Amino acid sequence: MVGEEKTSLRKRSSKSGENSEEKENQKKPSKESPGPSGNGRIDIKQLMVKKIRLTAEAEELKPFFMKEVGSHFDDFVNNLIEKSTSLDSDGCAITSFSVLEGENNHRAKDLRAPPEHGKIFVVRRSLLDELFEVDHIRTIYHMFIALLILFILSTLVVDYIDEGRLVLEFSLISYAFGKFPIAMWTWWTMFLSTLAVPYFLFQRWARGYSQSSHAVLHSLIHAFFFVGFLMGVLGLGPTYVALAYTLPPASRLIVILEQIRFIMKAYSFVRENVPRVLNSAKEKSKTVPVPTVNQYLYFLFAPTLIYRDNYPRTPTVRWGYVAMQFLQVFGCLFYMYYIFERLCAPLFRNIKQEPFSARVLVLCVFNSILPGVLILFLMFFAFLHCWLNAFAEMLCFGDRMFYRDWWNSTSYANYYRTWNVVVHDWLYYYAYKDFLWFFTKRFRWAAMLAVFAVSAVVHEYALAVCLNFFYPVLFVLFMFFGMAFNFIVNDSRKRPIWNVMVWTSLFAGNGVMLCFYSQEWYARQHCPLKNVSVHSGWSGKGVFSPPGCEGWWVILRRRVEMMPDEGSKE
């Protein structure tokens, strides 16, 4: 109240000062006032000068005003959400770590923060949906559409010049999504098994836990079957189908990404509901908190990896918005096709026509930066924005914060938190926080290292299965360089130059990955190794490949001094 009285007094004093100044100005007209001249006309020159001066002052004040408004608005919203969600029924503030970090229960491993004290879901739009309402930002979107039109025109013109006709075959897309029915049948098998097995095991365990005389043995048996299902059915089954049926890359990608998603969903469902059953058993409650099948089914399709019984919902479904999102997904798919067709294929198609050298490698990396960055943007926009927003709209899912402003990151720590919020939340609550809960806060570095290792292994696994060869470029960049940048370029870096550094390293990293993986792919397709034994494959003896087909893996396997004439005089 005292602060409010002070502010009111300041407002009154400022208003009185403004009134007195206005009166003085009325009594003493300034020299700059555009009053009528001697002949009764208004001096246009003075008006223009004053207008220019006022415009310049407004332009100077505009960035400060926008910065102040943005910062104050963000602080207001964050504080409002924090206060409204961190109060229990008695008005005592409870955070997600308060149960774990108390003075008396610092190592109380039998207590877990209940689900409602984890991630908070609120109704909010995706950031790009809000930014696209600004004409300046939407113009960037229009620029990407114009670039797609130019890619299409250039492809049509070149095909017409080379073939004498318009070639509309889209052979690359038809190859990448080949054997699509097998991928769909595999998806249905994964979905039905994930819907039935985890729910049945959890329901059976929950209803028998309080009544069992051997609760620990009862829990271990059900945990064994659950882990066996995750590793055997969801783990090995889809991988076997992708390899045994030799699915093309895009079909494999669908199977592997859905495999990982179902595993993360099933784990989240069990992880969030087990503490509720344990608490009800301690309280000797007669009701067992088992979610309904409809709640679990909704969660399997919801664009989140954190289970809740209920999520904030929107009142209606905008089917026009849904159609637009799916249309943009297909647009991004064709966009990537033209990028590969016009920028990548000419770069790597002639790999067998020139010998491998450091110069070729460096030029390949720099020529791969542009298509690599475009693919990065398209994958982000197609999946994290369009695809997830389409399903969120169809399911009336209210919380659309699937990403944050990762493009403004001045540190890699902030980039990892904001690039993919959906996966980050799962890793943060179920890997990082549970690791700290088990080993206490003294091992934060170990918890962060474990999260990086899990993420790097899963990324490399997905890429290795999709490309059908193990080539740990992504693992090395993610686990070593990404981990180092996370500590070096940390949250203490706030200057704009660090945002430039983050973007530069992202551009270079995507160029390196696209170059190395594409070179290895084309080398394996067009330059197969022959007469390779266990010994000769790594020492360089007996390895034969056509001239100029030395991929990076092949170079590492050869001893340069033992190549007098491309292996023909071995």
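Glycine is treated like the rest: Cβ placed from N, Cα and C.
Per TrEMBL, the features are as follows:
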- 1-42: region 'Disordered' (REGION)
- 18-31: compositional bias 'Basic and acidic residues' (COMPBIAS)
- 140-161: transmembrane segment (TRANSMEM)
- 181-202: transmembrane segment (TRANSMEM)
- 223-243: transmembrane segment (TRANSMEM)
- 319-340: transmembrane segment (TRANSMEM)
- 360-392: transmembrane segment (TRANSMEM)
- 443-463: transmembrane segment (TRANSMEM)
- H459: active site (ACT_SITE)
- 469-488: transmembrane segment (TRANSMEM)
- 500-519: transmembrane segment (TRANSMEM)
* Asked: Do we see three or more Cβ pairs under 8 Å linking the transmembrane segment (443-463) and the transmembrane segment (469-488), pairs being at least 6 apart in sequence?
  -> yes
* Where among 140-161, 223-243, 360-392, 469-488, 500-519 do we find the most Cβ pairs under 8 Å to the transmembrane segment (181-202)? -> 223-243
* Asked: Have the transmembrane segment (319-340) and the transmembrane segment (360-392) got at least three CB pairs under 8 Å, pairs 6 or more apart in sequence?
  -> yes
* Any contact between the transmembrane segment (469-488) and the transmembrane segment (360-392), i.e. 3 or more CB pairs below 8 Å with pairs at least 6 residues apart? -> no
* Near the residue listed as 'active site', which residues of its own chain have a C-beta under 8 A away, given they sit six or more steps off in sequence? -> L474, F475, F478
* Asked: Sequence-remote contacts (6 or more beyond its ends) of the transmembrane segment (223-243), Cβ cut-off under 8 Å?
  -> 182, 186, 189-190, 193-194, 197-198, 201-202, 251-252, 255-256, 258-259, 262-263, 266-267, 270, 465, 468
